[in-house]
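For reference, TrEMBL has these:
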ACT_SITE  C:99  active site
ACT_SITE  C:102  active site
BINDING   C:230, C:266, C:294, C:337  Mg(2+) 1 binding site
BINDING   C:266, C:269, C:305, C:307  Mg(2+) 2 binding site
DOMAIN    C:102-278  domain 'Xylose isomerase-like TIM barrel'
Ligand SMILES: [Co+2]
Ligand SMILES: [Co+2]
Ligand SMILES: [Co+2]
Ligand SMILES: [Co+2]
Ligand SMILES: [Co+2]
Ligand SMILES: [Co+2]
Ligand SMILES: [Co+2]
Ligand SMILES: [Co+2]
């Protein structure tokens, strides 16, 4: 059965096409800087936003029309697998991501939940074998159920910690079963609603404990996905411990997790934390910890996570530039953690919105490659930092100077001449690279 | 000569006084939890806001009337010393803080600047000997001069790095001379105006280099103040590397500086970074890095650093609670990094504003002590985390559990019962502790 | 049947009580400035947060335990009436507020919905007659149903406008039936998700049209409640037309609605719009349009509407000061548009949270009355604006001056001497009024 | 004498040029939708940012190298006139804007200030006659001097009100002398630092008084520039009364100023108020009050006015679209209220930055024209609001319906079918219009 029977596989048709169901910029097989676009971009579709998000918001009921809803939760779950792989194939997307609760009903017990997961992941495996589509990452939802009201690993209840541990174990089991490349932790309730009743250190110690258990279990079962932590500053909790990339790196270092953990960075989480997306990616690169990205965009004037499909070409250009600087994003990918607007409630919007996001990232890739090939930023920075190439600069970099030797140097050095950054010119010229 | 000849030493007169030049809550010798208020609070006055701030803002000229302005920069500098110690004595404040450029004119060369500093610090030393007043911390201003337009240690110019190093050496020399308890780094330009022309990793490596030179020099001269980094997210730079407490801890750990560096936390910097002050202090405590605090408050609806004198009793109560939990703030202190509003332009406002801040912190101390003595938060948390005292909780804390054992446990464990936090009740009861 | 059988009517017991189910500050019969607290405060309970809010959030399922859920929607609806009036009586609250959809199931047609409303409002009427409890205001929910995805009166669909009109008619009918004192419009979807596809002027014209129809209908049926518009800047829509008090006054004036419309101001909406609550109330007073208030508080570091119960005594003091300046809030009231935190999920939290809010407003009333009685702000302002009492100031106020006459005056006038505001002193002294 | 002797008049050279001192997109004589670019764009240069801004910020000293600084304030003032008109001519800009204090030293008395203004405006007049360059608008700076610490017309001091009136009179006199097209009021101190000591209504009444005096004086001297109010929410004051476009329209209506006053909207002020620039322009259009614009851009993650040169092509496209919809911006213009970054401190940056801004607006104009010509938004909206073209929709628009008739209609009307907005598709397609 087809859920999008009137739509063929989406093809690249270029900017002149009038067909909305076509790529205007994303050309999977086009070679950019020695690799195909598909290899560079490693797109993933998110199960939650695409298959289970219903268009509701805190002030409104569901709007989304979804033709896969069946008469039982399990029937719906199975229909979704069918529809999901149709979407992936029609979009020519190679990767996908999911939470445990997205794919299977929780039932009435942990055992029933796990059985449901097994049944659905069997279907996944079948589809993956048929299509070559791969699991970018999976994760356990440890924030929606009321038991997680005060956190999962950071809960004040040891029983809740134990339940979370069981979900993580299952998550790693299905990661192994499906050959998952990464495994993600996003701690939506790992934080606090009020500091007044919270022991922050106790809770963070426990989070580290769960992470170490996960590493140990992965080793035991001989499956080592790249572990990723996804920072977000707030929402749903008033404060979440993994506020941003740097905060998460402080945590990772404190608990000695550098060997096993990198970051999964989301654009909208970056801006909620007061940073640009490219900043967060750059921070991660400073710590050699850029693992994967959640592609979306926020509204800079709104204080919550809107998870919009990325359509801003400045953002995707600078994000793709960071990825090129990183030597690519593999084994991570570009996962559309994006949801259709509440008014884009038709089935076909799922395709249109992903096309929009993929085209915008394709534009970003092409612009970033041009910037790289023409050495726009490289030349700028080489010139800017040139004083460190020799003389006192070189001696500083090789740790041959001290406060005393530099005081002597400065006592004799005359007025320092600096050069203008011409930042306005730089920003205007950047516009000429956007394509 | 006296600059406040009509004002005597400020005394505690209690809430019934009509005298504005009196403490209504701060009673230096009053004993709270076994220590005098003065010992607990370790107040410091900031040279910059009190002696050199002129009331100008980006849209307006100076408003402040200051009677110590002389006919030459050096005469003014000397008058300021006189006036400053009069203020400290009249307020009964034991500590002070300054930047190098606050106290002495920069002159026309580094040599001249250092000579000026020597002359003024000689006066300081004399005054300190006479009065028993002590240096809480000093620092080098490496952000105001045009040479620092692109940073100091993070500058693209090695010559600028060298100049900064010379200022830091001098800063440590005068710290030794005056017996400074701490030495602070605040990197107002250690960050970027635009990421487009910035090599963040290169710049942060260089900042760490300067810090290590400082540690080495301190060891060499046999003077080891507690080094402190003061986080601030933005302003003047678009982004500053020491964004907040956690970000700074990531940096400190990355470069192995834990042994020598702690944090100097400012209330207004906390809120600009999206955190409460008590949150930042709590984060620092998690890393055993609460060094000292800059007492002030921001306007929660404004996006820049207003550095207002602290008058909010919620904030000071929760800040003092963190200090009590920390076992005190020594060798750090409570430095009023606060400036009078532009409309509070008279000389006497300098005293009135510090009285306001000191009274508000005294209220905070008393409220925090009561909360501690009555175990308001302690009992709340003990009860809340009780599930970790034995059984599966205790086994988790002692690292005896694994994902597998916890899965087994959860499979058999029934529905989890949680208790309400009654947060509204908690918040309302907190009001009864404010005094 | 009782839903809170273990709790008696809440009584004032003062600050020494250990009983959590008691007022510590709200003493209904205590006389303050010539009126009882109850007369001053005119508290209202909100049906939506108290009876239908379930503890869910965008990332989590319901947590709230509610014992009134029956086996059919209509049975639940009836149980809620019972429980609601029990809450009102136990809290000694005289007013209540509701949306149409809060009280009765929408059923399968507009006709069925209206029948359900009739049935439930019959029960209301009975209870009101028995208890003397009154309707502060009701409103029509024209934002939750998917039909309102693009607005109600501002919808691009005329059919949706018509549907909204039908709900408003019913709203006015039940307002008449229950003797409602006010009728509120909050336009959660009267705004836009994207300006790209929006005709702002067209949409606002239509909103004014609906308002005029409501006024006309009220006149026709001989029921004239005070119409109120509740501003909110954003959420759920990206932008809502009634952004804040001033924006709404621009709208009201443009469409000539001043005679019939005032404002219902909410604390959390104020701060989301970048204002303090007291600012919004003061703006409304400038336009003689302070109608009623929605009492709650937001988190100043979060960008969404948290609708917390008010527990900040600064906020309630300044809000009550505005109300005293306004000569009271009647025929409006103080409606708790506040919801229990997701972790306060027990039935008794509904009482505890209202007690917290009522006590905090009682504190605010007492502090505001003291400020008023001791003329703290009045004296401050009289002195501050004294230059307008005579001379050139008086001539300006009586419109006797011109640019030319004032130029002449200024040419001869010497340097202008201003006085310090001593703002830090003012803020510190304010603390002494908080009780 | 030339201040930019190595630079010829800037010419359009297209995107292939390597010459930084050339327009890549702005081609003054190119015809777009029937008018030349120059006629559409009506660019203005701001005297303050270009001639008197020095690169200082609240934490740093001046950085800007300016070769026009002479040995006396008046000599500098005269050099600036020379340099300014050289800049205008080299940039081919037809309009300019200034504050009184930008152009002439304030001297020691109001009389001396006015004489200085007379002398400088004589030079202006000469230059204007020679070059054909015109005055877009002037204004009086009533916020920088310490006398304005508490406001100008809103000051608590009647003497200050009088002084402000004198400045406004002089401003109108020179507006007449120079043939100014508009006259602007920006009230940087017309607001409050604290509501605690402020009588908002009193102050706003006085602001309206000053405005009415200005209108009367203009009539008297037979010079009627378009009066403009420039909204800004905060900074330097904590709150400014002209918060945003809508707030200012509320004020304008309240005091009956609609006939004489329109708005001067600034991009960075829009975002500080929580709005997009296009939103503010659209609001102004709803009130028929779009007067002129201040072209710049802010940093969406910073909470203060950065006044950056506009380089974002989304922003300029949507701003130009509003201007096209408005039938042009005349008699207003596009004034670069933009300053070079502190690191762009060389003289040539003044040209480079304006070129960047002009090119970005030229891109915006071309993109907006294409959107208009291809009816991209027009078709979208026509389709979207089609239900109002006939039937019940048309009857609503012609005020033939009532709550009762619409209830009857809705009772019989079946389920309402809405169409998806396909917003993601719309946003992605918009990218194809950017040029
Ligand atoms: Co994500
Ligand atoms: Co998100
Ligand atoms: Co500080
Ligand atoms: Co500060
Ligand atoms: Co409300
Ligand atoms: Co609300
Ligand atoms: Co402007
Ligand atoms: Co501006």
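We count from 1, first residue shown onward.
Every residue, even glycine, has its Cβ placed from backbone N, Cα and C.
Please treat TrEMBL annotations as automatic predictions, because they have not gone through curation.
Positions of TrEMBL features highlighted on the structure.
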residue : record                : Cβ neighbours (10 Å)
C:99    : active site           : 21
C:102   : active site           : 22
C:230   : Mg(2+) 1 binding site : 23
C:266   : Mg(2+) 1 binding site : 27
C:269   : Mg(2+) 2 binding site : 30
C:294   : Mg(2+) 1 binding site : 26
C:305   : Mg(2+) 2 binding site : 25
C:307   : Mg(2+) 2 binding site : 24
C:337   : Mg(2+) 1 binding site : 25
* Asked: Where does residue C:102 (active site) sit in the DSSP three-state scheme?
  -> helix
* Write down the Cα-Cα distance for residue C:269 (Mg(2+) 2 binding site) and residue C:337 (Mg(2+) 1 binding site), rounded and given in Å. => 11
* **C-alpha spacing of residue C:269 (Mg(2+) 2 binding site) relative to residue C:294 (Mg(2+) 1 binding site), in angstrom** => 9
* Cβ within 8 Å of the mean position of the Cβ atoms of C:230, C:266, C:294, C:337: remaining residues of the chain near Mg(2+) 1 -> C:186, C:232, C:264, C:265, C:267, C:268, C:269, C:293, C:295, C:296, C:335
* In Å, rounded, how far does the Cα of residue C:307 (Mg(2+) 2 binding site) sit from the Cα of residue C:102 (active site)? -> 17
* Structure fact -> Given the Mg(2+) 2 site C:266, C:269, C:305, C:307, its other Cβ neighbours within 8 Å of the Cβ centroid, in chain order, are C:232, C:267, C:268, C:272, C:294, C:296, C:298, C:306, C:337
* Asked: Are any of the recorded positions C:99, C:102, C:230, C:266, C:305, C:307 near ligand 6, with a Cβ under 6 Å from it, and if so which?
  -> C:266, C:305, C:307
* Give the distance between the Cα atoms of residue C:102 (active site) and residue C:305 (Mg(2+) 2 binding site), rounded to the nearest whole Å. => 19
* Could you check which of the recorded positions C:99, C:266, C:305, C:337 have their CB within less than 6 A of ligand 5? => C:266, C:337
* Relative to the Cα of residue C:230 (Mg(2+) 1 binding site), which of the recorded positions C:99, C:269, C:305 have a Cα no more than 10 Å away? -> C:269
* Determine, to the nearest whole angstrom, how far the Cα atom of residue C:99 (active site) is from the Cα atom of residue C:305 (Mg(2+) 2 binding site). => 18
* Rounded to the nearest angstrom, how far is the Cα of residue C:266 (Mg(2+) 1 binding site) from the Cα of residue C:305 (Mg(2+) 2 binding site)? -> 10
* To do: Give, as a single whole number between 0 and 100, the mean pLDDT over the domain 'Xylose isomerase-like TIM barrel' (C:102-278).
  => 98
* To do: Could you find out if DSSP has residue C:305 (Mg(2+) 2 binding site) as helix, strand or coil?
  => coil
